[in-house]
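Read the structure below first, then the notes.
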């Protein structure tokens, strides 16, 4: 026993000596001379918290001092009493360029108080003041989005920092908390809370899809997707939303989301156990009908923002004339009213029947009787686009007022143009949504007939919208060209006609043959106007004046593509030519009734291809649906607005059949209505799934047969 007691006493002495040595205390338990007191300045303690943990050399024991030194409790030790304002974190988890939403900032004082209260009562621990969405998406130094950082382990975050004991450079952090200042040049984004897919019930809606209204630009209806004709994806759970990419001059929404709550997720559907009693096909039909309802609500929500933020803006109104204001917004109030009435009827049907019988009759009635404001709005599109471009380029006051409005959180960081084109987008998507509903009702003859009638009614409306837009554009073009073309050197041609419109116009090099040499000017010397029935060859005198040299009817024209190496020399022989991209146009019967040959050259291969396609336009009409199944298809990834007559305007998510590729440009046929034209290749991605390609062709066939498009 004595030996055991001696060993215990020795262990206590050694332990006491170790504590005093490591904490650098004197015999009385106080800090040794030269060391800061425990209750010193916060700055000294803060700095000390980041010093390396290096054991201090053992202090010599005072002579004659044999009793053990007093033990200091851990809660009263200098380490426990330190109140630092710094923290070392892995560099991989720190992003200096990440902008936080100012509304979510929390003062340091409030944070300290909340921690003290939580220490006394854990139930008072507040919820985090940051959004997980802020941590979910980040950008690496190359600008690429990196996702799921919140799921990244601490070990993965430490990768690349070296071992804990390495000789890496220390990161010096400022001990002061810096307030984040708002950047006035950066557009406000929508609140992160609006990006969360939630079924949170509000007091007024009880789990309604109205709880979290989304902008129509941010969603893509599942009914537009034909990659799986079985449409199993329409039953999938909603994927977590991604942040919308910053919008530049081109309207791009990288992260389309499903249209809010699905029918299967509705509380009344879940509580009543309806899903257990339905077949898979009936559930798909209910989802297709409900998606028309929810997407109409999103569309109506975006139209309301266009009216409240842009149309009714006094600042914007003060920078434009009354005519310019009318051209910009046209009859958008009538369009909004039509959408509200349509949505009210759909919602009333949904409230009356959780398991909706049908909505085809509602859509048919509105397409035939109430959607006529869409025709007037679409007919004004050419004036709308031209007025907007003119104001942005020449009106600084308008440009500044518009920029301020687009920064508002309600606009979601999107430009006004994305709101102005919404009626065109919605009216062209409705036939595709109705086609999906038709597929879901094929097993029920009466429902299928009703859906087919609704599809024909809405497709007829779309055709009227397209014709109205083309008619106004063509009429204005013909009147303008009538004043610019001078026929004084040739027999006059009555240019204005209701059945004539411009296909393409532009400058080309006219190659002239002089003796043994072929001469090409350093600048374009020929300006062509190609209409649907006649080709007019002119010489440009000014920006608004052209002297007509010759013309010929389209059925009296032959076109031949020629490679530079194939050009014969005027004196005979064949050798490489200096003409870069030549092609030959033969006027079999010109304005004087004789044959004339024109050797033309363009400045690029794509321009030559576009001219040849336009000049042979009538010869390409023979290709039928049967041969289009083997053509490549693309999906449009960002909206493209036609700037020339031979280009085609495309919306994001449009599907196009590719008829020709040339030098970064694609010539294709828009699936939804058969419109053809050129567009840049980098605005689209090729569809590689054979199932999706075949599904798109079948959808095109149905739309053409059912609606006579």
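In case you wondered, yes, glycine gets a Cβ from its N, Cα and C as well.
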Region 'Disordered' range according to Swiss-Prot, out of 81-113, 114-146: 114-146
6, 279, 626 - residue that Swiss-Prot labels as phosphoserine: 6
Annotated residue, phosphoserine, per Swiss-Prot; candidates 185, 227, 576, 591: 227
Which candidate, of 9, 230, 239, 445, Swiss-Prot gives the annotation phosphoserine: 230
Which range of 22-70, 512-560 is region 'Disordered', per Swiss-Prot: 22-70
Secondary structure composition of the domain 'SH3' (629-689) [DSSP: H/G/I, E/B, coil]: 5 helix, 29 strand, 27 coil
Mean of the pLDDT scores, which run from 0 to 100, over the region 'Required for RHOG activation and mediates interaction with EPHA2' (275-481): 94
